[in-house]
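Positions annotated as domain 'Glycosyl hydrolases family 2 sugar binding' by TrEMBL: 45-171. Look at TrEMBL and you will find 190-296 tagged as domain 'Glycoside hydrolase family 2 immunoglobulin-like beta-sandwich'. Positions annotated as domain 'Glycoside hydrolase family 2 catalytic' by TrEMBL: 304-594. Under the heading domain 'DUF4982', TrEMBL lists 634-683. Annotation source TrEMBL lists domain 'Malectin' at 762-867. As annotated by TrEMBL, signal peptide applies to 1-19.
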Amino acid sequence: MKKFLYIFILLFIVGWAQAQQRVVYTINDGWKFTKGSPFEAQLAGCDDSSWETVNIPHTWNNKDADDETPGFYRGPAWYRKQLFVDKSQEGRQAVIYFEGANQEVRFYLNGQFVGEHKGGYTRFCFDITSHLRYGQENLFTIYVNNVYNPNIPPLSADFTFFGGIYRDVYLQFMNPVHIATNDYASSGVYIRTPEVNNSAASVEITTLLTNNTLQPAEIRVENVICDADGKEVKKTHAEIKLASGETKTDISKKIKIDSPRLWDIDDPYRYMVYTRILDKKKGTLLDEVVNPLGLRWFKFDSEKGFFLNGKGRKLIGTARHQDYFQKGNALRDELHVQDVLLLKEMGGNFLRVSHYPQDPVIMEMCDKLGIVTSVEIPVVNAVTETEEFLQNSVEMAKEMVRQDFNRPSVMIWGYMNEIFLRRPYTEGKQLEDYYRFTEKVARALEATIREEDPSRYTMMAYHNMPQYYEDAHLTEIPMIQGWNLYQGWYEPDINEFQRLLDRAHKVYKGKVLMVTEYGPGVDPGLHSYQPERFDFSQEYGLVYHKHYLREMMKRPFIAGSSLWNLNDFYSESRVDAVPHVNNKGVVGLNREKKDVYWFYKTALSRRPILVIGNREWKSRGGVVNTAQKECIQSVPVFSNAEEVELFVNNKSLGKKKVEDNYALFDVPFVGGENLLEAVAVAGDSKLRDMLRIQFQLVGSQLKDEAIPFTEINVMLGSPRYFEDRTANVAWIPEQEYKPGSWGFVGGTSYRRKTGFGSMLGSDIDILGTDMNPIFQTQRVGIKSFKADVPNGEYSVYLYWAELESDKEREALVYNLGADSEQTFAGNRSFGISMNGTTVLDDFNIARDYGYARAVIKKFVVTVKDGKGLSVDFHKKEGEPILNAIRIYRNY
Ligand code: GCB
Ligand code: CA
């Protein structure tokens, strides 16, 4: 009786389990983690009690990105977890599925090696059926390393290679007779649309089927195409016999859909395809997989650009890195979702998913929102001349294509970004061989992708050294040429941009052209009314983007563009206004919107827009320059209305015509709070925007009682304004001293030489501060800094950093040819006196602090007898310097 009951229960459980569908859930939480290689970490005996506990998505480099030490941990690490697996899953197929881990993974289950994967940006999975213990705890151990491996791309790149399991991990359980999971971690279903037009579409569905039981299986395969409301539109079926252990392909051809609703940028309509397999006799459902189906046709034309469903559409959008403030690459899904929403809100219709395949959620969102995409594998900067490198690259290309095969948004597959940026040789036979090998890799990738998916286009992105790519025949190979252009940034002449476009159009006749990258660095805290390249100001950002957008729009042969970049991102070896961060994003690492974001949104969006720019500049400052004791500074108001009116503290400044997406108003700011209010009419809608700004007014006559002196914060050698957002201090540019006022006496602005021309100040990372900008510019040869402040006691802070090193400055790798030269300042030493009292006699910054380190000295000075303050510099050796000064009134 007891035995009977037992069998009954067992039958019940097995029967229930078999009727069950796929079960998929994440196993992200509570992993034990350690860097390094502990002894036998995959075995139960290894003591992990002292390891950290972490959740996936996880990277071990997120803190490295924000600390001062150059470099980041590139080495091995281990994750371990005991995980109870339900008894009810026994007898089913079990798979562990990774959305991505950087960069090499070895997976062990209950002490046994299960499988490995190479490459940090594609998905992969392992069958764990035979290793699992059901109704018990199982020891999952995962070895991951992000060590440089010459055979795994990328070898080098302008982004940080965050190590870890930085995307979700899942367990999947399914019937042993199922839709295959082992085809490059794809869905096992490949949907093609050989013909689509307005009246009809034909669909072809290929399904990989696996029988992992010991018996033959007779199954029925069904594809049900449903519309977005879930109503059945078409259904196919086939009957198939699978021998034990066999995998077979079922192809359902010529499924016709009449009057299809198309997938388009403005109406990204998706059908869904339910692929099911059923037990032929019993009719029970064995397995089911769902895929999106977008019906669209598209083409790229070398003269007229891009066409979607027969309509010409200029593709305008961004590239995107998977970074977030202090998280590195370990982002939860919502953060990915937010990025595609930001792009859509900006009016973008194109995403260059670069430089690597990204989280599935990104692709889902692009499908959903009508964003055309190009996805690429991370073969960046250079190749290694080995068969293994070539093979790994080809494998990555297959993974990429198969994993996102069914995405209606994907129209381009990319490979190789600026592959000759880091050529290991510059001439001779070695260079010749290197070119030949790179060409071989390119041809292998092109052939692989075209064979895998002839329905899409291929693309490669070049940097502005066309000769290299021509010499290696790389300009001929892909269907689309992508150009990464930075004229007016790395190269001085912004007008060279359109000349290069016209050249490419002429020289590469018949090739489709896209601008795959362009953009200047912008620090939201920096502003300038004399914007110039490399100043990282919001204003230069506008100058640059305005020019590029205008020139691209004029040229129908430019099929599209992806500005660099949607968001700021971490690049450990980079030194810009913010250390280790590439700040070419139109939004910041925390997704704060810069003025250039509003510019694009206004230019691209069809909805009425009115936004007062400089939104994030909450503490501003400036010197009185009107008789009414105000300071006039310009503020952009972004709008697609014809004209806008701006009120400042309830007074109208009149109406202004909008040109190039914004109107620039000269705003008279008063000290303290200012209320800006913009109004405009666009079509039927009345638009209004408001902004409050704190303004720190500095008198031009410091003894002026109408503006009592409290403090001034001045950056020397610079026309830039900088907002210290931590302490809400407004830094203002220097001026020359005039009696009664304040300013420098003598000297010149420091400019660093770059490969082409020079830049204002330096872009080296200043150690010991989080306010690089106030140390990156300086006045060289300064004689005095005078301020005719009233009598009282003052704190005087002097700011320095030695910007000139005695070592040849390491060429900034990613400066695209703008190699820097660093000259030695010589032995710089000078004296300083305050109102005649010597405070330092032999001040040698390099000697006492070294190169590129922030030095701040605070002095307390009493000003008497109406003499004001004079800080005087006395030359001993080399030229005296000063980077910034803060004068703060104590009493
Ligand atoms: C490029 C690279 C990209 C860099 C960018 C830059 O051309 O393709 O990876 O981040 O330039 O900012 O220099
Ligand atoms: Ca995810």
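Glycine is treated like the rest: Cβ placed from N, Cα and C.
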How about the domain 'Glycosyl hydrolases family 2 sugar binding' (45-171) and the domain 'Malectin' (762-867): at least 3 CB pairs under 8 Å, pairs 6 or more apart in sequence, or not?
yes
What is the number of residues in the domain 'DUF4982' (634-683) that are helix, strand and coil, as DSSP sees it?
0 helix, 39 strand, 11 coil
With Cβ distances under 8 Å as the criterion, find the stretch in 190-296, 634-683, 762-867 that has the most pairs with the domain 'Glycoside hydrolase family 2 catalytic' (304-594).
190-296
PLDDT averaged over the residues of the domain 'Malectin' (762-867):
85
DSSP on the domain 'Malectin' (762-867): how many residues come out helix, how many strand, how many coil?
10 helix, 39 strand, 57 coil
Helix, strand and coil counts within the domain 'Glycosyl hydrolases family 2 sugar binding' (45-171) (DSSP):
3 helix, 51 strand, 73 coil
